[in-house]
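Asks: Please find one structure pasted underneath; my questions will follow.
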Amino acid sequence: MGKLVALTLLGAGLALIGETLMTLRERINAYREVEPVEPQNCHLIEGLENGSEDIDILPTGLAFISSGLKYPGMPNFAPDEPGQIFLMDLNEQNPRVQALNISDGFDKASFNPHGISTFIDKDQIVYLYVVNHPHMESTVEIFKFEEQQRSLVHLKTIKHELLKSVNDIVVLGAEQFYATRDHYFTNFFLALLEMVMDLRWTYILFYSPREVKVVAKGFSSANGITISPDKKYIYVADVLDKNIHVMKKHDNWDLTQLKVIQLGTLVDNLTVDPDTGDILAGCHPNAIKLLMYNTEDPPGSEVLRIQNALSEKPRISTEYANNGSMLQGSSVASVYQGKLLIGTVFHKALYCVL
């Protein structure tokens, strides 16, 4: 009788594990392949070889690009090289990237940039906020951009007990921002378990010198975040739920969810088209190819455009899709006056004239 009970429990346990793994494979689109959608006038950007995880373009056409992210479980082609911030002037006829010098006194050797966001003050001074993972921790670094010198002056490092596993950031004012936490656990294996169990313990944080608080929670894995042109709404990507949350921003910085836009692909970083207000989403068609990297069958890339996000029926279209033959692991897409930049977690970057 005891053996029968033990076998029954073992069988039930194995069945539950099998069902959980099947559900996980469906959640991460383990069987999905993409049909190519490739604008004709596109080329890889020379000088960006080790990722271009996030991109933020100023109204003047200067694009900041974070590169060299080392993220647990993701491929990295230059593990011993520190991360960098690149600049690209999209007003040039043939734009090229330039690595920005960072001021002395900042630990450049452990620089591991992730999400980025810019802020322009009343004196038109540009500040770049960077999510940094030195030694796999999470900080937010504030830099002042010196345009003539093409350099970044480090001003401040922000740390807080709630700033853990930070993925992305959107700056609202001087030292005021929302940040996303993509995992509750900082240990890699516990984070994997968290993903498998779908614990939904990740959140959005509001930070200011006076107040730090969680303003929205219950995400499977909160990822990219951006703000609408009128500054009234916040858009948040939940990469494992394959959707975008549209949130209303209140005067006390709290967020209220208005709707969820399902996309059917794993959504990474979000940007907004400054001319139309459309959301651009850098996406991963099949996450298993990211987690189990194979040069013979690399992860693909996908960029979606979401029009009329606040309407009952947003229009979703594909701006770019590739099976990995050209671009692997797309994480962000950003536009400026008919020019499209597509960045990746660990691979190259693409420049297109639409």
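Keep in mind that glycine also has a Cβ here, set from the backbone N, Cα and C atoms.
Not measured: the values here are computed from a predicted model.
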Asks: Check for me: which candidate out of C283, C352 does TrEMBL give as the disulfide partner of C42?
Replies: C352
Asks: Rounded to the nearest Å, what's the C-alpha distance separating N167 (Ca(2+) 1 binding site) and H114 (active site, proton acceptor)? Just drop the number here, would you?
Replies: 7
Asks: Determine, to the nearest whole angstrom, how far the Cα atom of E53 (Ca(2+) 1 binding site) is from the Cα atom of H114 (active site, proton acceptor).
Replies: 6
Asks: Please work out which residue of C42, I116, C352 has the most C-beta neighbours within 10 angstroms of its C-beta, and give that one of the recorded positions.
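Replies: By the 10 Å Cβ neighbour count, I116 comes out on top.
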Asks: Taking each of C42, D54, N323, C352 in turn, which of these recorded positions have a Cα lying within 10 angstroms of the Cα of N269 (Ca(2+) 1 binding site)?
Replies: D54
Asks: To the nearest whole angstrom, state the Cα distance for the pair N223 (Ca(2+) 1 binding site) and C352 (disulfide bond).
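Replies: It is 25 Å, counting Cα to Cα.
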Asks: Listed recorded positions are C42, N323, C352; which of them have CA atoms within 10 A of the CA of I116 (Ca(2+) 1 binding site)?
Replies: none
Asks: I'd like the Cβ neighbour count for N269 (Ca(2+) 1 binding site), meaning other Cβ atoms within 10 Å of its Cβ, all protein chains included.
Replies: 30
